[in-house]
Amino acid sequence: MASLDLRQSSTLHSLVCQSILVLLCLVCYGYGGLSGAKFVFDDTVAIVKNKNVNSLPTNWTAIFSHDFWGAPLLSADSHKSFRPLTTLMFHYEYALLGLNAAHMKFLNLLLHCVNTLLMWRLVRSLYVEDIDIERWATLSAALFAAHPVHTEAVSGVVGRAELMFGLIHLLCLLLTVASADKPGVSSVILILLLTAVGMLFKESAITIPLSCIMLDYFQNGTYMLPLKLQQRVITSRLRYLCYICGMLSLLLLRLWWQNFEAPEFKPVDNPIAHNEQLLTRGLSQQYLYVMNFWLMLCPQWLCFDWALGCINLVTSIWDMRLQAVIAFYSFIIVSFMNFRRLAGLMLGLALMVIPFLPASGIIRVGFVIAERTLYVPSIGFCLVSVYGFLYCYKNYAANRYCRVALQTFLMLLFAVFMLRTRQRAAEWLNEEQLFSSALQVCPNNAKVHYNIARLATDNGNSSRAFHHYLKAVQLYPEYESALMNLGNLYREYGQLETAEKYIRAALAAYPAFPVAWMNLGIVQSAQKKYDQALDSYRQALKYRSDYAVCYYNMGNLFLEQHQYGEALHHWQHAVAINPRQPKAWANILTMLDNRGMYEDALRISAQALTQLPTEPSILFIRANVLGKLKHYLEAEALYKQVIELEPRNMLYHTNLGVLYHRWDKLEEAIECYQTAISINSSRATTARDNLGKLLKRLNRETPKESQQ
């Protein structure tokens, strides 16, 4: 009976702990992850603009041959981040629930809850001497649940890759613990299979076998043996050899899939990796390790992008920041010197360092610091932190007051972390808050100013856009994207010479920049420099042969020169490359309509609508053509459809009025003309003229009817 009561009490305790951990996750992230969530920053490229995600039916070939950002894996522009299963998850969410950030972030939150519970189960299953395992498990998992550094991984949809890596990593560690005393290689094979699956979610999963080796090393008590005997045991253990061989095989297979090509990043993304001085690179990289550790230790400074300008390079051994590096390595050395006595601490350090290896600068990466890459290493950090706290609590809190002080400190720490996480999650709600918060952390980061300017341009705030683009260029004069966008902004205000100057500066910084060449062609076309514009467009196509937007602009260039056949040919080429190019479809249909080729216009508009079934411009032109062919019912239905899509478009109401006018539905025509005039009276000249003619006609007909 006592045994039964004990089991029930243990079960109840477990349920309470797990409920509290899930509640912590929900309290920390429910506000930022569920309420009014939008796609922000990298979500736009990886999801919103990624055809592999938001196109139906599923293009399996593209998903398994393109990188995470939608570019072909073997192209020069690819970052080589091959994560097809993550992309496939996004794609099926889109297919089932539509392109909605809220439900995608909700799934991220659920995965974070699962990872928190898995971590709790993992730590409870460990055998570590001289520590209360239950406390270590509960406090470590609680710290993991509430840690602010996880916000980018949980509140940013693209953090799904990190969450799935964390999930598979924890499952493999649990399998390692469960099979620690069991002979055979079945668990090893299963872990290697899970590693292969994990690599299709995030490349960093290649480190999972190393984490399993370290965990097995501590769980089997190998660390307690003399060093020479340890070496003999490790080299004779078959599962370790299987792990290493399997890991190397998976690495070779992964590199073969990308044709053994290395990604190319720009200096603005990672200035440390591009610095030519070996000493500067080495010292700066060591300081970065400290900064990553500091972000986990004190997550006050959090920024969506730690690129150029956030962290100054360490150029001298006399730089005072190296004191932090010395302190960091001193801590690690002291831990190693006491590894038998502090086994839990060493295990935590191993689980912190190993998953971080791919982001550690061993290979060139496209970032200085990426907070979401700390999601899995923070498992080890939480173990180290709580182990240290419990060690002090047990060995140095001799009296009641010390214990109360430590307990109070711990409660305050959790309260501060929860508040900081909620605050940071709220900043990830939309780009305006996210980018503005970065200015407080990295005011000299050119990429932060660039993103604020880009967002201001999208919102129509040109003065703010000019200010931040100029600031970005001031901080980094060779920032080609900022120079080009600044040129585009000047072009919109008719300052074509200034626009050309900035776009040429962008090309001087990066000559193989197809978008800049195309924009230079647009500026030259506006200046009537048609031959130069054509040369610029051809340069753009030289660097990107499948550039649909460039073919569209070339068509516009030929249209301005009245070369209608060439214009039509280039627009058709644009939609052949990218069938979801609404402006090119609209120009083709407009040309056919103007030439009186109505049957061709109907046929091609039907093709366009298979790709863009709700595109207003295509529906509108098709309605115009049907009206001219006196197919009034079909035309009326299409006009009503486009008006429902864009109810404040004056032109749609005007043309529906024209249709009713031809159809002799005069009252409906008057109503449509009046609606068009009420929307924009200054530009609704056609509606006003037609309304005037219609009213005069009615006035003339009214006396005749009265005389009869």
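In case you wondered, yes, glycine gets a Cβ from its N, Cα and C as well.
All TrEMBL annotations are machine predictions without curation.
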_Of 184-201, 508-525, the range TrEMBL labels transmembrane segment_ = 184-201
_Among ranges 161-178, 287-304, whichever one TrEMBL labels transmembrane segment_ = 161-178
*Run through the repeat 'TPR' (480-513) and tell me, per DSSP, how many residues are helix, strand and coil.*
27 helix, 0 strand, 7 coil
*asked:* Please list the DSSP helix, strand and coil residue counts for the repeat 'TPR' (548-581).
replied: 27 helix, 0 strand, 7 coil
*Reported mean pLDDT - the repeat 'TPR' (480-513)*: 94
*asked:* If we skip the immediate neighbours and take only residues 6+ beyond the ends of the transmembrane segment (374-391), which ones have a Cβ under 8 Å from one of its Cβ atoms?
replied: 119, 123, 131-132, 135-136, 139-141, 143-144, 147, 149-150, 153, 159, 162-163, 165-166, 169-170, 204, 292-293, 295-297, 342, 344-345, 347-356, 406, 410
